[in-house]
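Chemist: Please see the structure below; I have some questions.
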């Protein structure tokens with residue numbers, strides 16, 4: 001069954017008191033579900049699109065020679081050379097070695113049994129996009145601007161030393177395309193395209209090759225696997241057969257990462273008005289469109305991205321010369337093992353070529369073990385809030401006022417009370433009781449809601465869809481309440497009618513009032529943009545949580561970044577809600593999701609790359625992770641949206657601080673060979689699993705927790721475990737560091753040596769971390785099975801550098 005993510009659908013979920021369920025069933029998550037549309041040949045064999053992965057290219061080969069090798073392999077299972085050529089969709093020829101082809105299961109099995117083949121797996125539509133003052137907030141949070149700005153905008157000052165250097169950085173965006181006419185993609189004042197660029201501007205529907213400029217320096221699109229899955233059909237009503245973005249998602253992520261500074265930008269209705277800017281506004285953009293609408297009743301809302309198409313895009317991106325690849329895409333449900341994961345394989349070979357791959361962590365929180373994009377060679381990003389809100393008071397008839405948030409441009413007339421009704425009390429007969437409060441399509445009875453403010457709860461269905469249902473039934477406005485699991489997190493929407501959204505506690509207050517009154521009423525006051533909101537940042541409840549179900553010894557997510565109510569550029573072909581029937585057009589739109597946090601991290605990586613062009617992708621990821629903060633802007637601990645204290649399973653190493661990452665002091669570097677050894681030992685892959693046939697797995701590879709990673713995670717600590725790490729001095733010269741440890745509850749931590757001395761820049765030093773289980777935690781309570789405990793260790797030079805790493809232990 002094809003798995004999808006509705007980027008605006010935030011599910012009501014349960015909290016994280018224990019991980020017993022994860023411990024009991026994590027092994028089942030390691031098997032990817034096999035599903036795809038299939039075709040029958042003349043003899044009745046079912047055919048699907050498969051990716052045949054061969055590892056790394058062995059030596060320099062001409063592209064035509066690589067293509068011929070792939071055809072020869074296909075010929076070994078096909079009846080003729082003509083059939084082999086016709087079945088081949090993509091030949092991956094730049095970084096990874098492999099191809100995508102239409103195969104029967106029997107043919108794929110035969111190929112997988114060949115010695116040169118690492119894996120053969122179906123290309124599925126289980127992937128989808130994970131759907132701005134944020135940059136200005138990041139600068140303010142880092143102590144760079146103690147005076148809060150007086151607008152809701154998003155411009156921040158790039159370090160002057162990076163002005164010229166960042167023009168040479170190329171950020172690739174793997175998404176739904178781009179709207180090139182947006183002011184965010186102006187090339188005014190930019191110099192020539194970097195000479196090393198090898199890409200192209202692929203023309204197509206409403207996208208001549210002249211659509212590229214010195215800002216958007218390349219654009220391509222990929223849909224062979226998509227069309228093979230859906231039997232050749234792309235509905236031109238909902239998508240352009242070109243790099244042009246019909247959806248809006250790709251334009252939003254591209255401008256968040258590297259959009260130019262645009263004065264006077266705002267969402268519909270003038271909300272969040274100010275200067276909008278991407279994090280690396282002078283970097284170049286290369287666009288790789290691989291996400292397309294899912295045929296069905298509302299193709300505007302849902303996109304899907306097939307692995308064969310994405311892998312072709314990633315292969316081309318690295319061959320074209322990108323420095324950073326931003327991938328706001330992930331899978332829901334059971335994640336595939338690394339050898340069968342198109343994004344993970346593409347990212348592995350990108351990392352081997354020095355490209356940083358930043359990926360969204362998913363929107364399935366706050367349930368544990370839901371984070372996606374789990375490989376250690378990619379940067380996996382969670383989502384948190386910024387310090388901006390859109391306050392819209394709700395005055396109840398009993399004199400109580402609760403604070404909502406909205407960016408809908410519509411207001412109820414008359415500044416007067418309107419009748420208030422709970423959706424569950426106003427549904428048509430036959431509506432299932434468990435969704436009677438959800439305002440799902442055709443669920444509301446017009447005679448019970450006409451002219452009233454309807455209280456709906458988040459959960460099933462789209463938030464904007466609930467507003468559309470209230471409007472269809474004749475309601476005057478929507479009051480959208482959070483379920484308990486969503487806490488105080490309030491994603492805002494440009495609804496098609498007046499309305500506002502409220503936190504879970506305020507929703508309870510409103511419902512208690514309705515139940516206590518025979519004639520409940522409310523007044524919805526106009527909304528206004530408010531900045532310097534505290535506390536901030538706060539972890540978004542929708543953000544997917546750890547642990548890593550494929551390999552718990554690698555902490556995921558890695559970091560968090562702004563992803564709640566982010567303003568960025570939008571497609572001129574898409575309305576702010578993307579609903580059929582909504583014909584409004586906007587230049588900028590507000591969206592929420594880890595899709596929005598991912599390009600923030602991508603921009604941070606671009607800035608570090610500009611400052612240190614010779615650093616490896618692992619070193620850049622390390623700099624971002626070890627300089628992240630676990631404190632909010634006021635110095636308190638990062639919190640979750642439900643009011644609980646957040647931890648590494650929520651935010652990984654912490655909240656990004658891009659400027660701090662430019663000067664991390666020490667980095668944890670890791671090689672392609674290290675990652676292959678890790679894959680040999682990873683619990684998801686099984687004993688002796690190779691990701692590259694040219695590098696055999698040793699009989700006893702080092703355990704996964706020995707990978708030289710910037711965080712430490714151990715599952716099943718019984719007795720003691722010693723973890724080894726190596727750091728590289730990237731400071732200006734000689735340095736001395738001392739370690740400070742915060743022990744997890746019930747775990748004794750010993751670091752040796754406790755001091756590191758470096759005589760020069762580039763010098764490496766190794767150390768050991770011994771974790772020993774104690775019978776009881778610091779409070780004296782016994783540590784329960786399934787409990788996650790967290791601490792940290794940090795190397796400090798007594799000055800500007802504090803190199804912090806989280807420690808996480810999951811008790812079996």
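Just so it is clear, glycine is given a Cβ too, placed from its N, Cα and C backbone atoms.
What TrEMBL shows for this protein is this:
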type	residues	note
SIGNAL	1-34	signal peptide
DOMAIN	49-123	domain 'Inhibitor I9'
DOMAIN	167-633	domain 'Peptidase S8/S53'
ACT_SITE	175	active site, charge relay system
ACT_SITE	249	active site, charge relay system
DOMAIN	419-510	domain 'PA'
ACT_SITE	595	active site, charge relay system
DOMAIN	706-809	domain 'Subtilisin-like protease fibronectin type-III'
Chemist: Please report how many Å separate the Cα atom of residue 175 (active site, charge relay system) from that of residue 249 (active site, charge relay system), as a whole number.
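Modeler: A Cα-Cα distance of 7 Å.
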Chemist: About how far apart, in whole Å, are the alpha carbons (Cα) of residue 595 (active site, charge relay system) and residue 249 (active site, charge relay system)?
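Modeler: Spelling it out, the Cα of residue 595 (active site, charge relay system) and the Cα of residue 249 (active site, charge relay system) are 8 Å apart.
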Chemist: What is the number of other Cβ atoms found within 10 Å of the Cβ of residue 175 (active site, charge relay system)?
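Modeler: By my count, 30.
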Chemist: Treating G and I as helix alongside H, and B as strand alongside E, what does DSSP give for the domain 'Inhibitor I9' (49-123) in helix, strand and coil?
Modeler: 28 helix, 26 strand, 21 coil
Chemist: What does the DSSP secondary structure composition of the domain 'PA' (419-510) look like, as residue counts for helix, strand and coil?
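Modeler: Taking each residue of the domain 'PA' (419-510) in turn, the totals are 30 helix, 20 strand, 42 coil.
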Chemist: Under the DSSP assignment, what numbers of helix, strand and coil residues are found in the domain 'Subtilisin-like protease fibronectin type-III' (706-809)?
Modeler: 1 helix, 61 strand, 42 coil
